[in-house]
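Positions annotated as active site, for GATase activity by TrEMBL: Cys80, His191, Glu193. Marked as active site by TrEMBL: Asp242, Asp414. Among the features that TrEMBL reports, L-glutamine binding site is placed at Cys80. Positions annotated as substrate binding site by TrEMBL: Gly342, Asn484. Residues annotated as domain 'Glutamine amidotransferase' in TrEMBL: 5-196.
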Amino acid sequence: MALFLLDHGAGNVQSLANSIKKLGYDFSWISSPEDFHKASILVFPGQGAFHTAIECLTERGLLEPLYNYIQSGKPYFGICIGMQILFASSAESPSTLGLGLIPCQMERFDDTTKPVPHMGWNTAVPIDSNTLSSEGVSSSDHYYFVHSYRAKYDPEGNPEAAIWAHSTTQYGQEVFMSTVRKGNVFGAQFHPEKSSVAGLTVIDAWIKQSLAGRTPAEPSARIPRPPKSQHGFTRRIIACMDVRANDEGDLIVTKGDQYDVREKSLTSTPLSDTTAIKTAGAVRNLGKPVALAARYFESGADELCLLNITSFRHSPLQDQPMLAVVRAAAERVFVPLTIGGGIKDTVDPDGTKRSAVEVAGAYFRVGADKVSIGSEAVYAVEKVRAAGGILDGSSAIETISKVYGSQAVVVSIDPKRVYVDPTTYDGPYKDELVHGRPDSPESERGKAWWYQCTVSGGRETRPVSVVQLAQGAQILGAGEILLNSIDRDGTGLGFDHDLIGLVKRAVTIPVVASSGAGTKEHFVSVFVETGVEAALAAGIFHREEVGIHEVKLASRLAGINVRS
């Protein structure tokens with residue numbers, strides 16, 4: 001039996017390859033239409049937009065051979081886009097037709113009561129068994145989803161499509177098909193290759209079943225599954241690693257205080273032996289990035305971020321050490337991986353122009369799932385505001401999200417407080433003012449402030465507020481906000497709930513709280529008080545002051561749904 005993987009040319013397919021290697025299977029890649037005749041088992045992993053997948057397959061002459069392969073009766077496993085193309089069409093691009101095997105259109109989630117994309121860990125409940133399917137899908141496990149469009153589970157309104165339902169998932173009050181199965185065809189909306197042990201179990205079970213030639217029984221009649229009062233969606237705990245070269249040129253994980261990553265040392269001045277000043281020492285070294293990434297995966301982190309804070313001083317595509325770090329991390333980590341730093345249009349030292357899409361694509365191909373954009377997002381929003389809200393499609397956010405989908409683009413925001421006199425201020429940000437409360441720290445009582453955005457690692461302020469930037473990023477096509485706080489960074493005082501609440505109310509995409517975590521209780525309080533979808537920390541995890549398992553236990557005891 002020959003196992004083949006199909007790469008449609010856009011997105012992270014390397015992670016699935018890593019998963020299959022870890023499980024001990026050999027495989028080949030589909031490189032031409034003729035390869036479909038060699039395949040006896042086929043997996044199509046997908047990341048990106050519906051229309052991009054169809055266009056890429058069509059341009060490479062692979063769409064019709066793929067359809068013929070599926071119709072031949074040989075085993076097929078479609079992941080995310082690989083599942084979505086089985087449907088008739090998608091509201092993401094109504095004029096683009098899918099393979100039409102499942103008579104249903106993919107529709108966008110309703111974002112009036114919940115963030116979209118559906119990004120994070122959720123349950124999948126098998127239809128026939130309700131507990132564990134023969135493909136290893138278990139109702140007691142969590143799987144990683146990242147998508148904006150879904151196939152509604154509607155056995156009364158569309159029984160021909162519902163008969164394909166293999167498991168369902170609830171997000172908010174919407175119930176959709178999270179896996180499909182009929183005859184030789186299996187598909188998963190979630191990413192098993194990014195779903196830790198639970199996802200590897202699904203891949204292994206399907207391959208073993210296919211190798212054994214077992215065909216599942218025909219599906220039984222489907223009955224409605226009305227939404228329950230609570231869904232299985234979890235809050236995410238994310239470990240972040242700031243990566244940069246130290247003075248010897250080695251890539252290390254570091255951590256700053258208010259973004260300053262160098263150690264401070266006391267040095268006597270030449271004027272007096274009794275007068276000492278703080279001077280910048282070596283770059284703070286908290287470990288090797290790949291080793292730390294593996295440790296956090298094993299500790300139960302729901303996602304990992306690798307942020308290159310030197311921002312690729314020469315060329316992103318020539319920064320081979322960082323590409324190697326991402327590639328090596330993806331071989332050991334089976335949860336989502338975000339890479340940030342220098343994701344923008346650039347020019348190589350030899351004058352070769354590199355587009356942001358090309359840069360992002362290089363990192364997706366070695367195992368990254370999302371890219372994080374910082375300063376370039378600020379400039380893009382400034383440009384849109386100056387143009388009266390008109391988009392020109394040229395920003396990194398727009399170009400990357402068009403090809404890979406909004407879920408692949410994270411905008412990292414670095415705001416700082418600007419204090420004003422609350423009795424006299426009548427400036428442009430008066431609607432965004434935050435006032436110190438009686439229970440606030442004494443230094444904040446009686447004061448008011450707004451949040452100004454910065455670029456270049458917080459070193460330069462820009463005339464854009466945090467709300468303007470967050471809303472502008474969403475309009476441009478970002479799928480998630482990573483919200484930092486220069487004022488809280490490295491303080492251990494807890495997340496800035498005022499800042500987080502301000503942004504959370506301003507957008508309908510997921511928000512990740514960052515900066516200031518010092519205890520496990522800080523995670524609990526930010527989830528309870530702001531409703532944020534995820535919370536991130538760095539230093540306290542690196543120094544092992546707080547463990548990820550401790551954060552999850554405290555969250556669970558507080559009634560917050562987290563992944564085991």
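Glycine is treated like the rest: Cβ placed from N, Cα and C.
Heads up, TrEMBL stuff is auto-annotated, nobody curated it.
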Nearest of the recorded positions (Cys80, His191, Glu193, Gly342) to Asp414 (active site) - Cα to Cα = Gly342
Which one of these active-site residues has the most other Cβ atoms within 10 Å of its own Cβ: Glu193, Asp242, Asp414?
-> Glu193
Filter the active-site residues Cys80, His191, Glu193, Asp242 down to those whose C-alpha lies within 10 angstroms of the C-alpha of Asn484 (substrate binding site); answer none if the list is empty.
-> none
By Cα-Cα distance, the member of active-site residues His191, Glu193, Asp242 nearest Cys80 (active site, for GATase activity) | His191
Measuring Cα to Cα, how many angstrom lie between Gly342 (substrate binding site) and His191 (active site, for GATase activity)?
-> 27
Distance between Asp242 (active site) and Glu193 (active site, for GATase activity) at the Cα atoms, whole Å?
-> 24
Under 8 Å by Cβ from His191 (active site, for GATase activity), counting only residues of that chain that are 6 or more apart = Ser15, Pro45, Ile79, Cys80, Tyr143, Tyr144, Phe145, Val146, Gly199, Pro336, Asp369
So how many other Cβ atoms are close to Gly342 (substrate binding site), meaning within 10 Å of its Cβ?
-> 25
Integer average pLDDT (0 to 100) for the domain 'Glutamine amidotransferase' (5-196) = 95
Measure from the Cβ of Cys80 (active site, for GATase activity) and count the other Cβ atoms within 10 Å, all protein chains considered.
-> 27
